[in-house]
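Quick look at what Swiss-Prot annotates:
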TOPO_DOM  28-128  topological domain 'Extracellular'
CARBOHYD  Asn29  N-linked glycosylation site
CARBOHYD  Asn40  N-linked glycosylation site
CARBOHYD  Asn76  N-linked glycosylation site
TRANSMEM  129-149  transmembrane segment
DOMAIN    131-179  domain 'TM2'
TRANSMEM  167-187  transmembrane segment
TOPO_DOM  188-198  topological domain 'Extracellular'
Amino acid sequence: MRWPVPPVGYLLLGGQGLLLTFSLISSQNQTSPVTYPDLNLSAAPEPRDPLGPLVLCSYLPEEFVECDDPVDHMGNGTAQQELRYGCKKFGGQAYGDVEHTQVMCRALDGIECDGPRSFLRGNKPCIKYTGHYFITTLLYSFFLGCFGVDRFCLGHTGTAVGKLLTLGGLGIWWFVDLILLITGGLMPSDNSNWCTIY
């Protein structure tokens, strides 16, 4: 009676499994840290315990941190240079018109991490949303533009009163505002962007 011989592939796979098991056991028993002389760690702060399980707080994924909104310096370039982050202006029609800045983030409570819990992160766009929807404003402009409702909605109160008193500039101002709104020339007065509808 002869025993069946397993295929060579199974023997090789079993040998690799044993080799992996022994290497894992031997690496867990190692007590002295391994030094790597060719690594440059000057760019990142050195953690307290390099063999520990904690990750630097600044390396945490987005779901484990909460970030503030970008700081509004209201056009003050000196304040932006002193703080080294924040926005001089908000909004823009094209990607190139929008400033980008870092924001202050904090690790959430209950998340264990190494290093300072507050840090600067990201390249966030200087955009704010204040509840202005393009389609709503376009409908206001089309149906009630002669009464200045579109300008009131966007916060341009002075020109809205003038448009109301002249009944949309006898239709000319109504038509011009409709074209300006469609082409992006008429935006909210607080420099916010249009809210998107998903």
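Yeah, the Cβs are placed from backbone N, Cα and C, and that goes for glycine too.
Nonlocal intrachain contacts for the topological domain 'Extracellular' (188-198), taken as residues 6+ away from its ends with a CB within less than 8 angstroms of a stretch CB, comprise 89-92, 127-135, 154-156. Within the chain, the transmembrane segment (167-187) has long-range Cβ neighbours (under 8 A, six or more residues past its boundaries) at 91, 93, 137-138, 141-142, 145-148, 150-151, 154. Mean model confidence for the domain 'TM2' (131-179) is a pLDDT of 92. Broken down by DSSP into helix, strand and coil, the topological domain 'Extracellular' (188-198) contains 0 helix, 3 strand, 8 coil.
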